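K.L.:
From Swiss-Prot, for reference:
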- 18-38: transmembrane segment (TRANSMEM)
- 67-87: transmembrane segment (TRANSMEM)
- 98-295: domain 'VWFA' (DOMAIN)
- 309-329: transmembrane segment (TRANSMEM)
Amino acid sequence: MSLPFLGPMSLSGFEHSWFFLFLLVVAGLAALYILMQLARHGRMLRFANMELLESVAPKRPSTWRHLPAILLVASLVLFTIAMAGPTNDVRIPRNRAVVMLVIDVSQSMRATDVAPNRMAAAQEAAKQFADELTPGINLGLIAYAGTATVLVSPTTNREATKNALDKLQFADRTATGEGIFTALQVQAIATVGAVIAGDKPPPARIVLFSDGKETMPTNPDNPKGAFTAARTAKDQGVPISTISFGTPYGFVEINDQRQPVPVDDETLKKVAQLSGGNAYNARSLQELKSVYATLQQQIGYETIKGDASVGWVRLGALVLRLAADALLINRRLPT
């Protein structure tokens, strides 16, 4: 948690927990203070004239005289917590990563169940996704139908991706597996480059956008099928986030014949599961933008352990200052 004027504070993830041994010293000081107060009270009773003591001493000794000591002990406890090095989870933008956006451009994307049609809605949402993705992410674009084509290799140039999205063209058939395998080949090149440079390979993810069932091959477990490609992605450590877009009532006109093109959620859900990714579905442009916003948060940021001791230091300093002020005020109060 983070408190106003204090900063981040946490009671977990301690990096130097052995500092808590200092609390034994703090406890010893507190015990010593109590013993000194008891001894002082005993001396007063032993040597004072009781009649005179009762006439000049207050009926109830002020408890304020103990406040400076209590605050001092509290500040030492707070400083001890700070020295133990508490940490908390901090979300920061990724400096580097590779995301391949793989979009289905088959004829079913002409369906108008999502206005103005599935393709136009997909283009608008994908461009917004590109704009909002954190700058350190390398974004690439692949369009697929019967074959897959790399339109934009991974780059931080968002304009290149958006320009390519505007030029998407419809094509026949749906080879989802081909789209995934093509994305994995692009990522393999990026990974090899990072390893040669002596660095760890950047995290990678495929975002697969489609509305229909794979038609080439018809069996997704075929060596070139979507399920086989998803298993390969998992083996390479590249999760696939799938987005199934459209409604069960979509249709297209082909040769003056109305052909139903219902959205296929189940196939894409299994692709995500097999790859270790997540599956999403959207029935409208607004829902699609919401899905992309969720992905942007997942992909664009990473969670690291951050220092959470600053708040404890500031609070300890504040309590220590109060202890000093209480000591000054205490001199003016009856004891």
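Every residue, even glycine, has its Cβ placed from backbone N, Cα and C.
How buried are these features, and what lies next to them?
P.N.:
Listed as Cβ neighbours of the transmembrane segment (18-38) (distance under 8 Å, sequence separation of 6 or more from its ends, same chain) are residues 66, 69, 73, 76-77, 80, 83-85.
Each residue in the domain 'VWFA' (98-295) has a pLDDT score, and their mean in this model is 91.
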K.L.:
Which sequence positions outside the transmembrane segment (309-329), separated from its termini by at least 6 residues, show Cβ-Cβ distances below 8 Å to it?
P.N.:
2-3, 5-9, 64, 67-69, 71-72, 74-76, 78-79, 81-86
